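According to TrEMBL, the features are:
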DOMAIN    86-503  domain 'Major facilitator superfamily (MFS) profile'
TRANSMEM  20-41  transmembrane segment
TRANSMEM  141-158  transmembrane segment
TRANSMEM  170-187  transmembrane segment
TRANSMEM  193-215  transmembrane segment
TRANSMEM  227-251  transmembrane segment
TRANSMEM  257-275  transmembrane segment
TRANSMEM  334-351  transmembrane segment
TRANSMEM  363-384  transmembrane segment
TRANSMEM  391-410  transmembrane segment
TRANSMEM  416-439  transmembrane segment
TRANSMEM  477-499  transmembrane segment
């Protein structure tokens with residue numbers, strides 16, 4: 001009995017059909033790089049209490065905002081001012097602050113008249129729109145967390161829907177959700193309404209990455225599959241990520257930025273008629289393969305089709321029921337593999353959101369963070385072609401952990417070395433995450449591959465959910481975020497020791513084929529750790 005790759009070898013690996021699928025699926029991934037738009041939407045410009053237009057001398061206008069020491073530097077207070085009634089009285093009497101009046105003796109009050117925001121970088125963000133500062137500052141990181149909760153739920157749900165209803169419908173539905181709610185967010189009358197729409201936007205964001213990734217992995221074969229899954233979709237994501245700061249630079253108000261990010265999604269509507277469903281899924285396998293043969297201008301021998309249909313019919317007979325996420329926890333070995341794969345994918349979003357603050361200019365910061373992903377994905381592709389999966393994953397994650405640990409040893413005057421180490425960590429974690437996407441698709445069979453990929457992606461989104469608050473820990477211990485992320489990477493490298501090797505092996509089509517793979521050792525320490533009581 002021939003497997004899928006053997007049965008469809010007559011198509012070749014790089015015919016016109018594969019080329020169209022490769023490039024169109026990569027094109028559909030580009031807007032997923034906009035997932036980090038929250039960096040610009042939720043950024044907090046410099047601000048201080050608004051001083052209403054009252055009769056104050058220039059000396060008092062310059063002195064009414066108290067000066068505070070923050071991280072060894074003097075800055076204007078962001079959340080308080082000297083009492084306006086006292087200042088107005090002193091100004092009317094002709095007294096000069098600092099000469100006739102000791103400012104430390106004056107009472108202070110909050111920003112009862114609102115805030116004045118700097119427009120040096122942004123015209124507006126949701127922070128300036130809804131005044132998410134001072135007592136409302138907790139809403140700023142929560143906004144990003146709610147968005148990534150939507151991304152998390154979308155990744156989780158989309159994987160199971162794709163296994164039940166098909167990869168192609170879910171791919172386009174999630175793209176539509178992403179575009180529609182991006183536009184709706186522009187009309188939010190309050191922060192509460194905004195984050196509700198943002199959550200639903202997150203349901204579509206990156207969920208189509210999962211469906212598109214699995215769709216291409218199942219259609220393409222051989223080295224082209226490796227090129228697509230490790231380099232093609234990832235570089236497409238990085239291109240969208242690099243375009244994000246360009247959009248943000250020219251569209252500096254939060255509403256115009258949202259509109260600009262939504263427009264590219266409309267371009268993808270015609271792709272419905274050019275992107276096929278996966279030949280490994282559903283009841284139209286034979287029709288899809290015949291069409292692919294016509295596009296590639298090759299003849300499909302009937303005996304190969306019959307053999308393949310016999311194979312798929314048998315597979316379908318054995319897999320008549322639908323598998324859901326609970327199957328990933330059903331048996332000891334499968335449960336252990338699932339937990340390990342989920343562990344590896346959690347650090348990427350934390351580093352991506354943190355590197356937005358690398359440089360005084362957030363546009364440059366974001367572009368640097370995006371650009372470093374391109375060599376990371378190229379490294380991932382080369383590793384998948386020439387190195388064993390376990391060796392690649394373990395080595396790159398250890399490199400990432402060490403680089404993050406070393407940041408705390410760098411003197412403050414060598415800030416550029418700290419940036420270089422953080423970028424090395426970002427490079428390593430990005431490479432490891434890319435490797436794990438391919439690893440996951442190679443371990444799980446067709447009937448549950450999208451569910452498994454979506455579940456592991458769900459756990460990676462947890463990094464995005466906790467990152468805004470994790471970064472706040474630097475106010476207490478400067479290097480605690482790096483130590484946490486480095487420890488997570490090191491633990492993931494240890495867990496990868498117990499994964500099966502998949503280099504050079506065909507994708508499993510059925511549950512039975514997955515169980516025949518070289519799995520976890522029967523007495524692995526992880527087997528008892530993840531077993532049910």
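Count begins at 1; order follows the chain as displayed.
Cβ atoms are placed via backbone N, Cα and C, with glycine included.
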Rank 20-41, 141-158, 193-215, 391-410 by Cβ pairs under 8 Å to the transmembrane segment (416-439) and hand me the top one. 391-410
Segment-level pLDDT (mean, integer) for the domain 'Major facilitator superfamily (MFS) profile' (86-503): 79
Does the transmembrane segment (20-41) reach the transmembrane segment (391-410) with at least 3 CB pairs under 8 A, where each pair is 6 or more residues apart? no
Quick one: do the transmembrane segment (363-384) and the transmembrane segment (257-275) have at least 3 Cβ pairs under 8 Å, skipping pairs fewer than 6 apart in sequence? no
